[in-house]
C-alpha cells in the first residue's frame with residue numbers, strides 16, 4: 001500500500017511540475033515504478049497470509065481469531081485487485097484517446113454536404129453505458145445459463161474476469177489497428193480542396209464514418225461487465241460483512257493507479273504524438289504497447305489465480321437479507337435434506 005500511496009503523491013507532484021522541463025516526466029516514470037512495485041508486493045503477500053496468524057489470541061497475539069481470519073481473506077483479494085490496474089488503464093481510453101480518434105472521423109450527419117451539422121465526438125462515450133445496460137441482462141439471462149447447461153456448473157468468478165481481461169486486450173489491439181485504418185483513409189475535402197474540420201477540435205476529419213468508432217466502446221463496455229461486476233461478486237462472497245466496504249475501496253483505488261499508468265503511457269509515446277493532428281501522429285504505437293502489457297498481465301493473472309485457487313468455484317449465491325454466502329446448490333450437490341436446511345436458514 002505504501003508503494004501505491006507513494007505513486008499517487010509522486011504523480012500529483014508530476015502534474016504540478018509539468019511546466020518545469022523534464023521534471024514532470026521523470027516523476028511520472030517514478031510513479032509508474034512505484035505502481036509496479038506495489039503490484040509485485042501485493043501479488044507476493046496475497047498468496048500467503050499466514051504471517052497474520054501470530055496476531056491471533058489463540059497463538060499469543062492481541063486480536064480475536066475471527067477478526068484475523070477476516071483480514072487474511074482481505075489480503076487474499078489483493079492480488080486480484082492488483083491485476084485490474086492495467087484494465088483500468090485501458091478503460092481510461094474511453095474518456096481520452098478514443099474521443100480524440102473519433103473527432104477525426106467523419107462526424108457529419110449528411111456525408112454529402114461539406115457544411116452539414118456534426119455529431120460531437122464526445123457523444124460516442126454514451127455507447128459505453130448503453131453496452132453495459134444491454135450486455136448485463138444478456139449475460140445473466142442467456143449466456144451464463146447456457147454455459148451452466150453446457151458445463152454442468154455456473155461460470156466461475158475467475159472465468160468471467162479472465163474473459164473480461166481477454167476482451168479488453170482485443171479491444172486495445174483493435175483500437176490500434178483501426179487507428180491505422182483511420183489515418184490511411186485520407187482527410188475529407190470540400191469542393192475547394194480544403195480539409196473539412198471537426199467543429200470541436202478544429203482538426204481535419206478523415207473519410208471514415210463516426211460509426212466505425214463504436215466497436216472501441218463495445219469492447220471496453222463488454223469487458224467492464226465481466227471484470228467490474230465480477231470484482232463486486234468476488235468481494236461480497238469472499239469477505240466478512242465488516243470488511244466488504246474496505247475491500248471495495250481497495251478495488252476502486254486501483255482505478256486511480258490505472259490513471260497513473262495512463263499518464264505514463266502518454267508521456268512515453270509523446271514523440272509519436274508531436275501534434276494535435278492525429279494524421280501526423282502514430283497513436284497506434286501506444287495502443288499496441290498497452291495491449292502487449294495487458295497480455296503479460298493476463299498471463300500472470302491466470303497463473304497466480306490458479307495457484308491461489310482464487311475464484312475457481314462457481315459464483316456463490318448470497319443471502320439477500322444478511323449478505324452471507326450460501327453454497328451453490330449445483331456445485332456442492334447438496335442432498336434434499338441439506339437443501340431444506342439452507343432454505344430454513346434463509
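Quick reminder: no glycine exception, Cβ is built from N, Cα and C everywhere.
Unlike curated entries, TrEMBL annotations are predicted automatically.
Taken verbatim from TrEMBL:
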- 1-15: signal peptide (SIGNAL)
- 27-45: transmembrane segment (TRANSMEM)
- 121-146: transmembrane segment (TRANSMEM)
- 158-178: transmembrane segment (TRANSMEM)
- 249-267: transmembrane segment (TRANSMEM)
- 287-305: transmembrane segment (TRANSMEM)
Compare 121-146, 158-178, 249-267 by their Cβ pairs under 8 Å to the transmembrane segment (287-305) and return the stretch that comes out on top.
-> 158-178
Any contact, the transmembrane segment (27-45) to the transmembrane segment (249-267), with at least 3 Cβ pairs under 8 A | yes
